[in-house]
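Worksheet for the structure shown next.
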Amino acid sequence: MGNTQEKPSGSGGGGARPYQATAGSGTRSRGGGSVEKPQTQRAPEKGVANGTQMENSPACGQEEKGRPAVDTSYLDAPAGALPPHLGRLKNEGNHLFKHGQFGDALEKYTQAIDGCAEAGIDSPEDLCILYSNRAACYLKDGNSRDCIQDCTKALELQPYSLKPLLRRAMAYESLERYRKAYVDYKTVLQIDTGVQAAHDSIHRITKLLIEQDGPEWREKLPEIPVVPLSVQQEHRQKPVSIEQAQARATRAAQEEARRKEARFTLLKQGGNDLVKKGHFEEALEKYNECLTIKPDECSVYTNRAICFLKLSRFKEAKQDCDSALQLEPGNKKAFYRRALAYKGLQDYLSASSDLQEVLQLDPNIREAEQELEVVTSLLRQSLMDSTAHTPRVCRI
């Protein structure tokens, strides 16, 4: 089943409430056409739900051998104050929406809305949810105008309801009605400051409005409503669903990652600046803190090794280069700086080996060539000194 639905046949009982769509909407027009009303509901044991035969009902015939039964238990999930047959329509719409069948879900929500009107049901909260859910279908289908219309209806029923506000803001933004979108996003954030999508959109729209309206862009905005404190408190006290808790945890983790990344970048740049100024002790502190944030960042080890070399702390410089080479076995800087550490420790043979490794990786590093000549000379001298101090054995 696709997202775009054909108009249902007119063979339903009675004329349905027409749903007028604004011209130019992104998907099919519902204007002037009748929507099939749900048929009279029968008891579940008769095998009929939502005006259609259920797949696993006896009325559809016996199940094929070996074919698993279709799970329709979701149809009987709690649905607010809606009567059972309308609650099942809503639950079926939710099920279809979760599986990406937005056009089919839209039809179910429409049938539930029409059913409420026929039955004279006056439950603002349930109707608000139905309109908001149908608005989500319109938004997914690219029909922003009908989405706005349904969200506005939902907000008339339940002012300051979060989801209709957010969906209407997205629809306004998609139509480039940025001022109205900005107002709705700002209203959302008064209710729940944790809605990251609203924060991101405010940032994006602000840039667009500055480009569009100049420095006086705020003066051209519609009035932003002040959300009553009682509404804010009521929203905070609502039980959090598993999906909401997971979404909040994900946003918190992303925000923490962004904060750490920004802190790391600031510290590393500060350390680099201090090295250029010759303030190696202070630079060490910056790099130490960097490694508490990212203990596997190779460049921090090679940068800190410079500080240790300049402070003649050769053993620690070597250890940092060892750590860098464990992370990046072919790191030229780590080999070169470890060679300098070995030189400081008077291990000229190891220094020579590391410098040769550098030149094997990149023969054009002039500093490594020069340092290899120095180290080779020192190695030769140390061998000569060692030989000169070795006591001779007298032969008889």
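From the backbone N, Cα and C atoms, a Cβ is placed for every residue, glycine too.
What TrEMBL records for this protein:
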- 1-68: region 'Disordered' (REGION)
- 264-297: repeat 'TPR' (REPEAT)
- 298-331: repeat 'TPR' (REPEAT)
- 332-365: repeat 'TPR' (REPEAT)
Cβ contacts under 8 Å made by the repeat 'TPR' (298-331) with residues that lie 6+ beyond its boundaries:
268, 271-272, 275, 278, 280-281, 283-284, 287-288, 290-291, 337-338, 340-342, 344-345, 361
Go ahead and report the DSSP secondary structure tallies for the repeat 'TPR' (332-365): helix first, then strand, then coil.
27 helix, 0 strand, 7 coil
Which value does the mean pLDDT take for the repeat 'TPR' (332-365) in this predicted structure?
95
Give me the DSSP three-state residue breakdown of the repeat 'TPR' (298-331), ordered helix, strand, coil.
27 helix, 0 strand, 7 coil
Residues of the repeat 'TPR' (264-297) by DSSP state, where helix covers H, G and I:
27 helix, 0 strand, 7 coil
